[in-house]
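First up is the structure itself, then whatever we jot down about it.
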Amino acid sequence: MARFVRWYGAGPLHLLVLVCSFALTAYAFVRLFAVRPVDVAIWFVGAAILHDLILLPLYSLADLSAHSVLRHRTERVPTVPWINYLRVPTFLSGVLLLVWFPLILDLAVPYGGDTRLPESVYLGRWLAITGVLFGASALAFALRLGGIRRAARAAEAGPPSGRDAEP
Amino acid sequence: MGSGGRSASGSSGGPQGPKRDQEPARRRLPRLGAASAAAIHAIASAGDAAAARAQAIARRVGRTPPPPGPFRPGFWRSPIRGPWLTSVFGLVLLVGIPVLFVTGALSYAAYNPDLGPLNDQTPDKGLLGFYLFDWPTQPYWLYRLTQGVHVTLGVVLVPVLLAKLWAVIPKLFEWLPVRSVAHGLERLSLLLLVGGVIFEFVTGILNIQLYYVFPGSFYTLHFYGAWVFIAAFIVHVCLKLGRMTRALGSRDLATELRTDLAHTVPEPPDPHGLVPTAPAAPTMTRRGALGLVGAGSLTLLVVTAGQSVGGLLRGTALLAPHNRDPGSGPNGFQINKTAAAVGVSPAHVGPSWRLEVRGRSPALVFTRAQLLALRQHAAALPIACVEGWSTPDQLWSGLRLTDLAAMAGLPGAGSVLVESVQPPGPYSSVVLRGNQIHDPRSLLALRVNGADLSLDHGFPARVIVPANPGVNNTKWVHRLTFRT
């Protein structure tokens with residue numbers, strides 16, 4: 001037993017569960033790959049690669065770039081952490097596009113003929129939603145910024161006590 | 001999402017990097033040493049020289065420093081990434097994915113694939129159809145509910161899935177890539193898990209938008225893909241459930257929801273490499289990360305769910321495929337496929353159209369006027385599509401299928417083959433089961449909401465059966481063949 005664990009790297013139950021799972025996987029795989037096996041394999045593995053090695057690095061990089069490119073350059077004016085006012089609308093608009101891009105980009109060829117509904121409305125709607133999200137975020141940011149700067153000015157004018165408001 | 005997913009090569013992570021990197025490698029050495037010792041023990045009985053060489057190789061491999069970039073522990077810097085946050089997303093998926101799987105399996109059963117090749121898109125399913133049962137006709141909204149949940153929940157879980165994958169991304173680059181046989185097998189299973197879950201979400205989400213770019217029949221891909229995925233999912237749950245519950249217990253949700261940015265600190269170092277060794281300054285609280293993902297799900301829910309609820313809410317499904325009515329009046333409700341789209345022309349259903357009813361007695365032939373002269377029955381039933389959208393109840397009227405079976409000399413008919421004038425193609429004909437024939441609400445409908453059926457809704461006659469998937473409610477019917 002201890003020898004098995006040393007050789008295998010985990011307990012026998014671990015192996016048993018995995019073998020059971022692989023048996024089921026193989027049974028389904030044979031059927032999944034019955035037609036156009038290469039294309040299906042590309043889709044299956046490509047799905048993981050597309051997310052892990054393309055989508056995730058891209059949005060991480062976008063986030064980091066936003067941080068360094070748009071960072072606040074003047075020290076004189078008090079500011080507030082701003083990145084989330086950019087992240088939130090970008091993320092919300094982005095997941096909408098990620099899920100509904102075939103309709104938004106007018107890619108679903110049979111859509112209009114099948115359903116008797118025009119597909120052309122989606123791009124405008126997505127842009128409108130995106131506009132509202134960014135607009136609301138900008139407004140929230142402006143209000144927050146205004147509040148903080150007013151407080152800072154008041155503190156400067158009054159007794160020198162409250163400049164520690166910033167996190 | 002979260003804060004600063006990766007470090008730019010400069011900044012604070014760089015200079016200290018190498019020193020930090022050696023520590024985890026050293027920590028792993030005992031385990032690896034144990035594995036190699038075991039290997040050596042086994043080989044020793046065969047030959048000493050080979051054993052010594054294997055030992056040397058194992059030692060050298062174990063000492064290989066991680067290549068630069070994402071394989072270095074210092075590369076991943078988000079201060080909120082860690083077992084607790086991962087487990088919260090994991091818990092949501094642990095509830096959501098089984099619901100998706102069960103509703104998906106129910107939808108598969110709803111097509112009654114065991115009634116023969118016409119209903120069966122996956123004839124080589126073998127054991128994977130082990131659970132099939134006679135799909136019921138009540139409650140009449142059953143398929144509307146299960147498939148609405150399946151599709152809407154799938155869409156709503158997309159942000160949670162993205163968040164979960166983000167939370168565990170350092171594990172993709174763990175070093176060494178394979179530490180033992182067990183570790184290697186588990187990582188293979190993880191490829192099936194991640195490939196499988198994305199494959200299922202992508203095929204499903206593309207299919208509901210009629211964007212048929214995937215390689216083959218949707219039914220085949222989504223059904224077998226689901227089994228591949230669920231096999232890996234069950235293993236993953238078995239192996240990680242304990243770790244998840246421990247991680248969830250390590251922090252208090254209510255406290256996290258009250259913690260502001262100034263008090264957001266990384267979780268204590270974990271042996272699995274999720275917590276960053278060189279955390280960046282926090283830019284988002286855990287509360288913020290959970291809120292962001294929740295807001296993503298909520299937004300998707302708002303712009304999607306209305307197509308399955310119908311009524312006034314249909315208009316709120318701003319981005320969903322069936323978010324508007326294609327017309328007004330009695331026939332103004334959702335159309336799955338128009339007559340033109342499947343090649344049914346007015347000539348097919350003009351004055352020369354006849355309904356043929358076959359059974360035990362010689363075939364009966366009716367004109368539409370003759371059918372309208374028979375006793376009419378009404379039923380309020382929805383149309384519910386596999387794509388998740390549905391209509392509220394429509395008031396159909398026409399002939400009961402059970403009456404037609406009796407006229408054909410088979411009052412106890414066990415099944416009926418329904419054929420459309422539609423040119424041969426998927427779902428141009430379908431088989432219904434005895435329980436569907438004999439439900440008093442199952443109709444060969446001639447009219448809807450007080451008007452004749454429109455061509456797009458199946459004029460001159462269509463089938464409507466409670467809880468039946470939309471495509472099995474055949475339109476433009478011209479022959480019914482009842483069988484014992």
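Glycine is no exception: its Cβ is also placed from the backbone N, Cα and C atoms.
Bear in mind that TrEMBL entries carry predicted annotations, made automatically and left uncurated.
For B:1-29, the entry in TrEMBL reads region 'Disordered'.
The compositional bias 'Gly residues' annotation in TrEMBL covers B:1-16.
Residues annotated as transmembrane segment in TrEMBL: B:84-111 (among others).
Outside the transmembrane segment (B:149-169) by six or more residues, the chain places 1-2, 5, 76, 81, 85-86, 89-90, 92-93, 96-97, 99-100, 103-104, 107, 194, 197, 201, 204-205, 208, 274, 289, 293, 296-297, 300-301, 304-305, 308, 387-389 with a CB less than 8 A from a CB of the stretch. What TrEMBL records for B:149-169 (among others) is transmembrane segment.
Residues annotated as transmembrane segment in TrEMBL: B:190-212 (among others). Beyond the ends of the transmembrane segment (B:190-212), by six or more residues, the same chain brings 97, 151, 154-155, 157-158, 161, 165, 171, 218, 221-222, 225-226, 228-233, 235-236, 321, 387-389 to within a C-beta distance below 8 angstroms of the stretch.
With a threshold of 8 Å between CB atoms, the same-chain residues lying at least 6 positions outside the transmembrane segment (B:224-242) that come near it are 90, 94, 97, 101, 104-105, 122, 128, 186, 189-190, 192-193, 196-197, 199-200, 203. According to TrEMBL, the feature transmembrane segment maps to B:224-242 (among others).
Residues or ranges marked as domain 'Oxidoreductase molybdopterin-binding' by TrEMBL: B:351-483.
According to DSSP, the secondary structure content of the domain 'Oxidoreductase molybdopterin-binding' (B:351-483) in residues is 24 helix, 50 strand, 59 coil.
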